[in-house]
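Below are the structure tokens for one structure; questions will follow.
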Amino acid sequence: IKGDIELKDVYFRYPARPDVQIFAGFSLFVPSGTTTALVGQSGSGKSTVISLLERFYDPEAGEVLIDGVNLKNLQLRWIREQIGLVSQEPILFTTTIRENIAYGKEGATDEEITTAITLANAKKFIDKLPQGLDTMAGQNGTQLSGGQKQRIAIARAILKNPRILLLDEATSALDAESERIVQEALEKIILKRTTVVVAHRLTTIRNADTIAVVHQGKIVERGTHNELTMNPDGAYSQLIRLQEGEKEDEGSSKFEVDESGDNLNIDSHMARFSIQRTSFASRTSSASLQHSLSLRGLSGRIEEDIEQGQLDNKKKPKRVSILRLAKLNKPEVPVILLGTIAALVHGVVFPIFGLLFSSAIDMFYKPPEQQRKDSRFWSLLYVGLGFVTLVVLPLQNYFFGIAGGKLIERIRSLTFEKIVHQEIRWFDDPANSSGAVGARLSTDASTVKSLVGDTLALIVQNISTVTAGLIIAFTANWILAFIVLAVSPMVLMQGMVQMKFLKGFSADAKVMYEEASQVATDAVSSIRTVASFCAESKVMDMYRKKCLGPEKQGARLGLVSGVGFGFSFFALYCTNAFTFYIGSVLVHHGKATFAEVFRVFFSLTMTAIAVSQSTTLAPDTNKAKDSAASIFEILDSKPDIDSSSNEGVTQDTVVGNIELQHVNFNYPTRPHIQIFKDLSLKIPSGKTVALVGESGSGKSTVISLLERFYDPDSGRVLLDEMDIKTFRLSWLRQQMGLVGQEPILFNESIRANIAYGKEGEATEDEIIAAANAANAHNFISSLPNGYDTSVGERGTQLSGGQKQRIAIARAMLKNPKILLLDEATSALDAESERIVQEALDRASQNRTTVVVAHRLTTIRGADTIAVIKNGVVAEKGTHDVLMKITDGVYASLVALHSSAS
């Protein structure tokens with residue numbers, strides 16, 4: 001492949017939004033071996049170019065060509081193997097760092113992986129991890145900081161060694177030093193490669209061979225950096241001035257925010273059921289929870305590792321009594337009683353059938369006239385028995401079905417409510433991944449239903465059957481009935497042994513299915529990353545391997561079941577033989593008649609068949625009990641940090657003074673790694689304090705402690721001189737507004753996403769005011785459905801900048817006293833960043849504001865800048881004061897940032 005890229009007269013609209021025209025006659029040519037940078041407003045259509053090149057979508061008209069050949073004519077897998085993609089929001093899978101990087105190349109050697117991580121400036125932090133490359137990245141990479149995730153994603157692309165490289169703001173999450181080193185690495189690997197760079201930060205693309213300014217789906221300017229800057233009134237020059245902070249009215253009016261809503265997010269994070277760890281949110285207390293979980297994607301989880309074998313060593317949930325489960329069904333007691341009556345009547349049918357059958361056989365030994373008379377009688381009784389069954393069986397299933405359905409609804413509601421109020425460390429446990437939690441909500445709840453539905457109905461039915469059968473048998477001939485009853489435990493004993501075996505198998509299979517579910521969840525929610533790296537076969541192999549365990553268990557289960565059922569029938573037939581033998585002896589001695597022997601035989605046979613049917617449900621019953629135990633384990637859990645609790649004090653007014661006193665902290669999943677060592681920090685009311693430091697230094701951990709996602713191991717976190725542990729948690733989180741680096745949106749309308757910011761109902765005026773404050777109202781209003789536009793799963797229908805503005809609007813709606821900003825404008829273009837930054841500056845007035853930043857230009861105006869290094873505040877002061885410190889940490893960071901720019 002040579003590497004020439006051309007988009008020729010392309011027309012395109014996203015299938016989910018056919019009313020919005022993204023491209024109308026768009027053309028672009030990228031010569032082989034050159035670098036072309038696409039710049040422009042957020043939502044102008046830059047990343048749509050990448051989507052078309054990766055062939056995530058096909059254009060409605062026009063052509064996308066590589067080396068003059070239409071992409072549609074090339075084998076999809078082959079063309080994607082020639083393309084390497086590093087997107088703005090790095091997608092990592094729930095596996096080891098080594099496996100994540102190995103997605104870039106099938107059969108990659110350790111040497112190749114080591115070279116890749118070295119080039120991506122990732123080797124240093126990976127080597128510090130206890131398990132090194134074998135460290136689990138966590139779901140969506142949540143066990144790593146944003147910069148660490150991005151470097152792993154870059155290493156994955158480097159390993160692929162592609163002919164064409166697509167970079168979508170690839171260094172946005174890195175600190176100044178890491179960005180400089182990674183940028184140098186990227187510049188090395190783009191040599192002799194065709195490269196398309198999507199960028200907001202223009203300093204990263206000045207050396208590009210060609211820069212194309214995209215506006216409203218069209219290229220309005222094109223040339224090198226020097227050529228474009230020669231025109232001071234040009235679009236590119238306007239963008240540069242905006243980014244440099246020159247507030248020119250001419251520049252700001254030159255471009256309106258584009259409404260095309262290009263699909264900037266080249267991949268969506270976990271989804272699911274995805275019931276992903278970052279996606280749970282409850283309207284009740286939970287602006288709190290929604291913010292708590294949104295931070296998971298950006299928490300500064302430095303060099304950490306999930307302990308191997310943690311899942312294996314996890315205690316198995318205790319068994320739960322059926323009585324406790326029945327209590328959950330208490331409101332449906334009347335319905336269950338009706339179902340029980342129907343089951344009792346249905347249960348009597350079996351022994352009565354045996355009675356009728358034995359009587360019918362006896363009829364054939366009577367004179368012809370008596371036969372004719374009796375045949376009509378017994379035939380009518382058979383018809384009547386069939387009619388009774390026709391009525392009671394549907395009623396039995398209907399009533400127990402209602403009770404089971406209500407139980408499922410109640411269990412899912414209670415379990416989900418408990419899940420969304422869990423503390424964050426609960427989600428750190430691999431056993432509580434989105435796949436496992438999703439399986440509990442969907443599969444476990446449905447499985448538990450069988451205990452109330454089919455199983456309960458069958459138990460009642462069998463009790464009725466056994467009772468009626470014994471009454472008929474003992475009434476017919478008590479001697480024979482007693483003898484037969486004495487040998488019947490042999491049939492029941494084999495059933496108990498079989499259930500014991502099946503119990504262990506079903507518990508093991510449940511864990512294996514959850515692991516397989518996690519692989520599927522990862523693959524589906526990150527399908528673009530999977531497609532980009534041609535990893536479909538790899539994912540299928542992983543899924544297949546995860547399913548091998550349940551498959552083997554199924555074979556063993558079948559063997560045990562087969563032997564058990566075979567022995568069951570063997571015991572039944574032996575009992576039948578014994579019955580006939582004893583019956584013949586009794587008839588011979590005049591202790592029984594022919595009719596009595598058959599009456600005892602058929603009544604007890606039908607009873608045995610009914611009991612055998614209950615044994616066939618043993619696997620489902622055991623599975624249901626395991627599922628019930630899993631559900632109750634969640635319901636019984638008592639988090640130390642419980643957002644549903646009403647305990648704690650509240651205050652009518654919040655001043656906003658924050659203080660961290662001698663804080664020591666380790667993340668619960670990695671207690672051997674010290675994050676903070678006697679860290680102390682004061683944040684006065686109404687002031688803005690910026691936290692800076694290297695990627696992974698613990699800046700975002702401060703936010704985690706302020707939001708009380710975690711509690712410190714020692715020391716205190718104070719709000720207005722009171723320990724935050726004394727406050728009611730939901731109230732505390734209502735006082736804080738969080739805007740994270742990776743905006744988390746839910747698969748609802750824009751209106752609903754913004755409304756998450758306020759506890760209770762938000763008015764239309766409040767939502768619009770919040771959107772205006774975040775510079776989002778204009779682009780929202782221009783969408784076909786306005787505020788009712790669905791954002792898609794995790795906001796995939798919006799560009800990165802648009803998603804971020806929605807997230808900022810959500811925080812503004814909350815009107816918090818304390819504002820927490822974690823690189824809140826990182827995804828925005830220059831103009832949007834300037835306007836949003838002004839909005840944030842206005843919003844931070846009279847508010848206590850904590851800013852976490854890599855881009856030092858955004859925090860120079862902060863009242864105080866705190867530099868975090870090695871778990872302590874290394875330096876503290878204003879920008880000017882810190883710059884005067886010779887060889888100071890902050891001054892070094894600024895110098896690195898300046899050199900990178």
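Note that Cβ sites are derived from N, Cα and C of the backbone, with glycine treated the same way.
Because TrEMBL annotations are produced automatically, they should be read as predictions rather than curated entries.
Annotation comment: TrEMBL describes 5-241, 658-895 as domain 'ABC transporter'. Among the features that TrEMBL reports, transmembrane segment is placed at 335-357, 377-395, 470-493, 554-573. Marked as domain 'ABC transmembrane type-1' by TrEMBL: 337-623.
Provide an account of the burial state, proximal residues and distances for the features listed.
With a cut-off of 8 Å between Cβ atoms, the residues of this chain six or more beyond the transmembrane segment (335-357) that come close are 329, 378, 381-382, 385, 388-389, 392-393, 395-396, 398-400, 402-403, 452, 456-458, 460-465, 468-469, 471-472, 599, 602-607, 609-610.
Same-chain neighbours of the transmembrane segment (377-395): 338-339, 342-343, 345-346, 349, 352-353, 356, 359-360, 363, counting only residues six or more beyond its ends whose CB sits under 8 Å from a CB of the stretch.
Mean pLDDT of the predicted structure over the domain 'ABC transporter' (658-895): 84.
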Using a Cβ cut-off of under 8 Å, list the residues of the same chain at least 6 residues beyond the transmembrane segment (470-493) that approach it.
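Contacts of the transmembrane segment (470-493) (Cβ under 8 Å, skipping residues fewer than 6 from its ends): 351-352, 354-355, 568, 571-572, 574-575, 578-579, 582-583, 586, 591-592, 595-597, 599-600, 603-604, 607-608, 611-612.
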